[in-house]
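Annotated features, as they stand in TrEMBL:
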BINDING   B:Gly8, B:Leu9, B:Asp10, B:Asn11, B:Ser12, B:Gly13, B:Lys14, B:Thr15, B:Gly56, B:Asn112, B:Lys113, B:Lys114, B:Asp115  GTP binding site
BINDING   B:Thr15, B:Thr34  Mg(2+) binding site
Amino acid sequence: MAATAQDSQAPLRGPEKKDEDREDESANRCDSRTVSRQYEQHSVWSCLQVITKLLYLLNQGESFTKKEAAEVFFGVTKLFQKQDINLRRMMYLCIKDICPGADEVIIVTSSLMKDMNSKTDLYRSNSVRVLSKIIDGQLLAQIERYLKQAIVDKSPVVASAALVSALHLLGNNAEIVKRWINEVQEAAQNKNNMVQFHAVALLHALRASDRLAISKLVTSLTKANVKSPLAQCLLVRYVAQVIQDSQPGPNGEQRPFYDFLESCLRHKAEVVIFEAARAICNLRDVTARELTPAITVLQLFLSSSKPVLRFAAVRTLNKVAMTHPLAVTHCNIDMESLISDQNRSIATLAITTLLKTGNESSVEKLLKQIGSFMSDIADDFKIVVVEAIRSLCLKFPTKQRALMNFLSGVLREEGGFEYKKAIVQSILVLIQEIPDAKETGLGHLCEFIEDCEFTYLSTQVLHLLGQEGPKTKEPSKYIRYIYNRIILENATVRAAAVSALANFGAVCEALRPRIIVLLRRALSDNDDEVRDRATLHLQQLEGKAGGPEAVQPRVDVNLTALEKALSDYLAGPTDKPFDISVVPKAPPPLRGAAGGLGLPSASTTSGGGALPATSAARKDPTAEYAELLRSIPQLAPLGEVFKSCEPFRLTEEDTEYAVFCIKHVYEGHIVFQFNCTNTIAEQVLEDVSVAMDLADAGDFEEAFTIPLETMPLNGVGQCFTVVTRQPGAIATGKIVNILKFKVKEIDPGTGEAEEEGYDDEYVLEDLEVTPADYVKPTLLGNFRKAWEELDPSTEKEDEYGLGQREALQDAVEAVIGILGMQPCEGSEAVPPNARSHTVLLAGIFVGYQQVLVRMSFGIDAGNNVAMKLVVRAESLELSEAIHQIIQDA
Amino acid sequence: MVNVLVVGLDNSGKTTIIERLKPRPKQSMEVAPTVGFNVEEVQKGALTFTVFDMSGAGRYRTLWEQYYREADAVIFVVDSGDKLRMVVARDEMEHMLAHPNLRKVPVVFFANKKDLPISLPPAEIAQALGLNDIQDRPWNIFPSNGLTGEGLDRGMDWLAERLGKA
Ligand SMILES: Nc1nc2c(ncn2[C@@H]2O[C@H](COP(=O)(O)OP(=O)(O)OP(=O)(O)O)[C@@H](O)[C@H]2O)c(=O)[nH]1
Ligand SMILES: [Mg+2]
């Protein structure tokens, strides 16, 4: 620390220089021995100064050697005889920060204990804090009673200190801290805001592992009058957690605690209002009606004079816009004025929110506004903007030209790898999804690789050019760009360019002779890989080694399965050649498989934590469970899971066992996953499985079960029941479920479970398999084109009355929710005050069969909503299945 | 201002003795084993002693040396009834006196708990501890009773006199 210590210390030095200071200077280091000598000889004032300097050094990131630390530490301990409040405070800080080692630090225990019983508030509070940091379990038991007293101390400083210390102690000494519950409860009534805040936090932490207890605590706190705004914020968070953990009630039933959250929107303190608004926005499956009051207060915040409120509000609205664009459109005017906000983070969030909620006509205007500040913001934010543009382009394919131009514009500007990658990725997605965008997109990418410093991106673009270029109207115009790479780039890029060129030769016969000439030039490349590829491709183009078709072999197998098959093959005898025909075929490429709503998720590419992930608020259950399912060997023969449904509860609240079911749909099976929790500590439940009565579900046949060894106490364990059905069939029916297990009581005396248990069973709620379980959302570039490509004879049309609704948007959201398909072209947003509206939905059925839905809604003066539903699919049965979903709902 | 370091094995009566040195109203009768150390200030005539009451428990003895450098005097308390651990006390003492950080300051030995029927007389303790070998600094031994305060004044007077001379 020598040299820098000197510098950073300099500005702090007081006017009266001590001799020793001068010595220091000549030695050019901060000698801690000097420090300890100062302690003895000098006044409280100079001690204070020295400690301040030391703490400053520490906070500047300096570290002390063990010896230095010990010397400073013991030096400080010798000051305990001085009765000066300011000095003592600095001593406490010093002891906490410079902890030489567990063996040494205990030396201050007795001194701190003395301070803990002092009359001075500051001594009591700070000694408690320090003590709790250095103490072990045995000593803690000895001083427990003082800490309990401190929690209910008259002085708020002391009470808070004790509560915070208890929170820290909870980690290693939970048993002891739990005994203070009465005192903590008393502190939770304290009139002082800070004390109440800490007490509420501790009450919650004390129950952290027990969901039932948390729920009870939260209920009682929402009824009690929590005055402290910070404590109220905590409570809002806890409430949100409880709502999150509880299963949604049967349709229409109001969420527990929603009233509480809503009432918090009218709280005096802004923090509480914001916290409640945020909690409401984050509710799972939040409805438009629930959102409205929260959006209203956030809208007010948008025009607040405090930047932090504006930021908080726009950030929250930005997230909501992903799932409920319409709810946010009311704020558009306020949002637009934020585009010119001095704070760039606010401006960026405002812009991207507008992009999400905007309608087709405002796209150009927004692009112009963004263009004006794009160069002023950091890469992280630029990525957010790019992601937003991409989603917008997918939503309004007709605007692709303007959006694509914007992307290519920013691609030419300066930027780091992550940013460039996000742009290229977006262009790739757009080329794939929007046929009209292909030619321009490829053109932009060609220009980009002319001057691209990132090998990774160059190779990716070259590969794409090789794939898509030959299929365009004028393939020859790409060849020059690609060949230039072979001359100018590094080996990796050259190899990619060789393969791309060969593709042109293979697909376009007219170009083949020219390509062969160009590839020959690569034969003398100084890189092995480049030469090898050129040699192979030349052979192929000349009709050898499999011929031109072999240039790009069609690997239509599932790559994960292929990898596994190959390693199995290598593990066994290899005298027979590998048979690729046994490897499972790949499912057709899943478009935009990432985000829950099929939208490309931003969170995967946006770097840094500066912004909230703008991806859909809900996780895609299929992605969530995929790993778990893959890890279970018995399920491997079933193939890839097509869709996992949302969990639902099969037991009532507050019963002995909590069981949730998740349906996983496979090609020819359904796997029912049961998440089981035992809530009774006095019993052990073993060999748990669920027996299914399939009498009312004749199309299913039980295949096998995977039992759960023991049902964890207050944790979650899984058992599975697997049924078969005709591959690809939309089989439905109602199933009666019985939970079977062996009970072993726990002897209260010994705490051991009895040896022999007895078999028992418990009837769970029925569950139903419906057509909706077999369909999932898919992203579509051009709905009209896809619609026309489907056979009109599969079309099925019907009309439905949906009864009275508050607004058209409610009805639209409800039907989309029931069908679980992907809205296209932004059609899910109903323009304000519209009396009729058409929504387009795209989905795929198990077996990867497409289904498209066109729904026209109308609302009359009495708010009665009617809907015409037209379906086209790859077969009439599928179209009928969609109608079935609506009829069942 | 004089810094006095009070050491000795655990349970020998250090904290009790220091309590007895304080003015009566401030004395506390109840003492618990010291964890680490405590600092007290006591007045003796014209002198103010800053007393460092160290814990004698094994775990803390290695930490005594951190306080040697500023010690102007040492009080070493021995439990006269604890024959078994006399060798331990001697060992710790020799260790301390040989430590480079401890200056040649005067040492008072209190042969404490003299009221115990099995207590050894000071002369025997001096022998057991090998005090006669100490040549390089002033020292003296006094029988004492920490509970009543008997004998403490004599020791402290001797110390004050030594320090006055220095
Ligand atoms: N009979 C008798 N008991 C004493 C005398 N002095 C101290 N004690 C008792 O000895 C026990 C230990 O005394 P402390 O003062 O705590 O001993 P200490 O040396 O400070 O011990 P540590 O702090 O653990 O190093 C207590 O129960 C005292 O009451 C004495 O002169 N006679
Ligand atoms: Mg003691």
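Glycine too: its Cβ is placed from the backbone N, Cα and C atoms.
Taking the Cα atom of each, B:Thr34 (Mg(2+) binding site) and B:Asp115 (GTP binding site) are about 23 angstrom apart. Chain A lies within reach of B:Thr34, taking the binding-site residues B:Asp10, B:Ser12, B:Thr34 and requiring a CB-CB distance under 8 A. The Cβ of B:Ser12 (GTP binding site) lies under 8 Å from the Cβ of B:Gly56, B:Val77, B:Val78, B:Asp79, B:Asp82, B:Ala89, B:Asn112, B:Lys113, each on the same chain and at least six residues away in sequence.
With a CB cut-off of under 6 A applied against ligand 2, the binding-site residues B:Lys14, B:Thr34, B:Gly56 are reduced to B:Lys14, B:Thr34. Secondary structure at B:Asp10 (GTP binding site), taken from DSSP and collapsed to helix, strand or coil, is coil. With respect to their backbone Cα atoms, B:Asp115 (GTP binding site) and B:Thr15 (Mg(2+) binding site) stand 17 Å from each other. Sequence-distant neighbours of B:Thr15 (Mg(2+) binding site) (same chain, 6+ residues apart, CB-CB distance under 8 A): B:Val31, B:Thr34, B:Asn38, B:Asp53. Taking the binding-site residues B:Lys14, B:Lys113 in turn, the residue surrounded by the fewest other Cβ atoms inside 10 Å of its Cβ turns out to be B:Lys113. Over all protein chains present, the Cβ of B:Gly8 (GTP binding site) has 24 other Cβ atoms lying within 10 Å.
Secondary structure from DSSP puts B:Thr34 (Mg(2+) binding site) in coil.
Cβ neighbour count for B:Thr34 (Mg(2+) binding site) (all protein chains, 10 Å cutoff from its Cβ): 22. In this structure, B:Thr15 (Mg(2+) binding site) is part of a helix by DSSP.
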